[in-house]
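Worksheet: the structure to be examined is printed underneath.
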Amino acid sequence: VPLMVPLGGLRTLVVQQTSLERPRETWSKKMDFLLSVIGYAVDLGNVWRFPYICYQNGGGAFLLPYLLMAVFGGVPLFYMELALGQFHRSGCISIWKHICPIFKGIGFAICIIALYISFYYNTIMAWALYYLLSSFQPTLPWTTCTNSWNTANCNRYMSTDHNVSWSNSSTSPAEEFYTRQVLQVHLSPGLHQLGSVSWQLALCLLFIFTIIYFSIWKGVKTSGKVVWVTATFPYLVLLVLLIRGATLPGAWRGVVFYLKPDWEKLLSTTVWIDAAAQIFFSLGPGFGVLLAFASYNPFHNNCYKDALITSSVNCLTSFLSGFVIFTVLGYIAEMRHLDVDAVAKDAGPSLLFIVYAEAIANMPGATFFAIIFFLMIIMLGLDSTFAGLEGVITAMLDEFPHVLSKRREQFVLGLVCVCYLGALSTLTYGGAFVVKLFEEYATGPAVITVVLLEVIAVSWFYGTNRFCNDIQLMLGFYPGLFWRVCWVAICPCFLLFIVISFLAFPPEVKLFQYHFPPWTTVLGYCIGVSSFICVPAYMVYHLLNAKGTFKQVQHFLSFPL
């Protein structure tokens, strides 16, 4: 309510805020926020994707493009999102009324992408839970060839097994447990015929979503407490596994293979594309999560320092994970009398669920190491899911406060149910093919394009000077030239480079012996476009609803209210 107050002949306008909205929730402790961001950024990709990409792209030499892409692309984007969220105290949809209203479709696109990710990402945790429950046995089920799911090709092949003949058609018990018992992928010929839902995996996923619901239903006050376990426990396990791996015979072979630099690889564009994509997906700007988490911070919190700390922890975790994985790969190579590259040909879930699971099974104290390893995988996934869904929840609550602010628990329950129903296709016998399709096509190119538009909207439409003034108001200092150049020029080029490379060199998708047919590529891109279409659709809607002369409309569209 404006009040006119006379002050020595001058009349001053004093604004009293009489808002009916509830005060915004905040983190109980600063550490809750930091652990939540670290828990979100450090996920399964750090453990399986980074080590694989590192050795594939020249070992130690890959660290150079990786660090350059982090410094000039990943970290500036990370800092920008934290600063935007903290200053405007809004989720990824309603924040656009402060920045550039015509780009509001970006917020809706982010929410749809987050939903797509929740359809497949949690299924990987359901697989890990199945393994965890199977680990409570004196003999781990993926160590023997005498189970009901094993075939005649099953062969145990470690140094302790003498007189074993290994041929190209031979399979390990760990591979058969994963493909024939957990996934049951042999019952599906491909994406055109997925088969029925596996009830065991459906129950595992139901349990995972139950944990997720009770961790996020009350907001950051509860999820901020849960991450004290889910974000710190993986580090404890990584440390235990690193010490155990380093003491195994042949571990040094794996480390040499991981870090031996191949400088000629740096001349290949694919190395730089992989480095850019890895740092982008690892730090995770553009999923609405950093905006949501930072919006619950105190206004003057030093988000600059937070951005540097959390992104450094994330990159170091990736590097540490490489040692954890490759010491064990060196051990398997030693046991099988093979080269490390013959053992390390699998990436993604197969690296964890076949290769690493098999190595653990052949260690002394196998049951203990299996339990803590699969618990770690579940926890790495959980806090990333908490974050992804919190990004959607914050966005919707901020956009529709009158409808949803007092019904948070019911809204979260509905969202979790939608995610579970959406994930059912990934629980079928051919579910692993669906997971791979979503992972390769449905989310990657779409989210990078969305972030490219976000950077352009903030740096060019809202204006870097205005954004830097906001930061100065919050933190007390003006961002340096390096950050301004990154936001205006380097980050858009960095993102455009990844988008063009995705389109120019679409990944050849193959899983086990199944090559994805051409129609699946079209389907994958259609799913990706279905989220991105929100951006131009909202622009058209906004134009049609704008009233006034062309100049007034132009001003109305481009500038915040």
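Backbone N, Cα and C define each Cβ position, glycine as well.
For G39, A41, V42, N46, S282, N314, L380, D383, S384, the entry in TrEMBL reads Na(+) binding site. The feature transmembrane segment is assigned by TrEMBL to 63-84, 105-133, 197-214, 226-252, 272-296, 308-333, 353-380, 411-435, 441-461, 481-502, 522-544. Residues or ranges marked as disulfide bond by TrEMBL: C145-C154.
TrEMBL feature annotations superimposed on the structure.
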| residue | record | Cβ neighbours (10 Å) |
| --- | --- | --- |
| G39 | Na(+) binding site | 26 |
| V42 | Na(+) binding site | 27 |
| C145 | disulfide bond | 15 |
| C154 | disulfide bond | 19 |
| S282 | Na(+) binding site | 22 |
| L380 | Na(+) binding site | 28 |
| S384 | Na(+) binding site | 25 |
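Between the transmembrane segment (105-133) and the transmembrane segment (226-252), the number of CB pairs under 8 angstroms, six or more residues apart, is fewer than three, so the stretches are not in contact. It is 38 Å from the Cα atom of G39 (Na(+) binding site) to that of C154 (disulfide bond).
Here the Cα atom of C145 (disulfide bond) is found 35 Å from that of V42 (Na(+) binding site). Within the same chain, the transmembrane segment (197-214) packs against the transmembrane segment (411-435): three or more Cβ pairs sit under 8 Å, each pair at least 6 residues apart. If you compare Cα positions, C154 (disulfide bond) sits closest to L380 out of the binding-site residues V42, S282, L380, S384.
Here the listed stretches are 353-380, 441-461, 481-502, 522-544, and the one with the most C-beta pairs under 8 angstroms to the transmembrane segment (63-84) is 481-502. Excluding G39, A41, V42, N46, S282, N314, L380, D383, S384, which define the Na(+) site, the same chain contributes I38, Y40, D43, G45, A231, G284, T317 within 8 Å (Cβ to the Cβ centroid), listed in sequence order.
The transmembrane segment (441-461) shares more Cβ pairs under 8 Å with 522-544 than with any other stretch in the list 226-252, 308-333, 522-544.
Among residues of the same chain six or more beyond the transmembrane segment (522-544), those with a C-beta under 8 A of the stretch's C-beta atoms are 101-106, 108-109, 112-113, 116, 191, 437-438, 440-446, 449-450, 453, 553, 557. Long-range contacts of the transmembrane segment (353-380) within its own chain (CB-CB distance under 8 A, at least 6 residues past either end) are made by residues 42-44, 46-47, 124-125, 127-129, 131-132, 135-138, 140, 142-143, 158, 160, 172-175, 177-178, 182, 208, 229-231, 233-234, 237-238, 240-241, 244, 248, 325, 328-329, 331-332, 335, 343-344, 346.
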